[in-house]
Ligand code: ADP
């Protein structure tokens, strides 16, 4: 497999560019705008919306295999292409239980994986009694198309929930779940090959603010048992889905040391960006290896520790933030990855910086992550 079609042209596809070049793989991207980051590294681009399956038919003519950097696709329409022999990796059946958060939770629960308690809002008859049984806060989530906390609302009491539900035109597109007063949030990247081999990256700690990932500490400072719980979840999930490619798994570590699944991304993930600079095989190289039918690479860290800080937009601007980027890049063992987006908006992921550490020191890693942020964000 030499020509990989990628549905989506954002930074996740852009970061496949280097890996593709090293593997001798061509990337052909389907993305709506010529300003999207991956257009610059793609051999060819089909300009169309992510969910435009007619465009994916054209992408398929140019590619040996099609993969995803964005899962908000039209699965029903793509399945017609799959029936005509188009090769999707991961296969569409591995995506279909995941695209709706309610279906995803049901799938994970039915696999016996630990998840927060949840229910769909469409069951109006049961809603009143279920609401009475809830203890607050709860989390109201949009079932589809949520990302970076869009469509996730933490609700403190019954009156606020009823008020919020009354504002929502189509309640059936929401689910409600218990709020987990987590000790920390974790994530793990795992990859599965065409032959069913599974490799798992070091479990990391992710730190969110306003539901958006700000910092990642690799590896997470957790017990062996917690690492094993996380790895077991990854194995069970990828094998059950017969997934091919990289998957990102977001986890909650509860105060009593249990690991629960929050969310699955059927693609490379922000929590795995540290792997570009800190691991033997980056998540992007790994994903391409898997979808091209190659043996998987070594996911280990080649340094004792690494941190990754997202460079999130904090204003509306067209600045390229040269000064801050240079200051960040001047930090020893730091690499700045700048996605070359044309405009900054609050919360938009503009880039990230990874710093490798020479010793395993979680407290120092945390402090350094905050120090990087104080360079990036205006005080
Ligand atoms: P998205 O798909 O937008 O990333 P998530 O469901 O992952 O949304 O939620 C984003 C963040 O919101 C999580 O990382 C976590 O900090 C918080 N969150 C989500 N669900 C819960 C929950 N059930 N309990 C506590 N916090 C939650």
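Glycine is no exception: its Cβ is also placed from the backbone N, Cα and C atoms.
The model shown is predicted, which means the values in this text are computed figures rather than measured ones.
DSSP assigns residue 185 (ATP binding site) to a strand segment in the three-state reduction. Residues or ranges marked as ATP binding site by TrEMBL: 101, 141, 177, 178, 179, 180, 185, 262, 263.
What TrEMBL records for 105-292 is domain 'ATP-grasp'.
Residues near residue 263 (ATP binding site) in space but far in sequence (CB under 8 A, at least 6 apart, same chain), listed by position: 101, 104, 249, 250. According to its DSSP assignment, residue 101 (ATP binding site) is helical.
Counting Cβ atoms from all protein chains shown, residue 101 (ATP binding site) has 24 others lying within 10 Å of its own Cβ.
Candidate binding-site residues: 101, 177, 179. Those with a Cβ under 6 Å from ligand 1, in sequence order, are 177, 179.
The Cβ of residue 177 (ATP binding site) lies under 8 Å from the Cβ of 105, 116, 117, 118, 119, 138, 139, 141, each of these being in the same chain and 6 or more residues away along the sequence. Long-range Cβ contacts of residue 179 (ATP binding site) within its own chain (separation 6+, distance under 8 Å): 116, 136, 137, 138, 139, 154.
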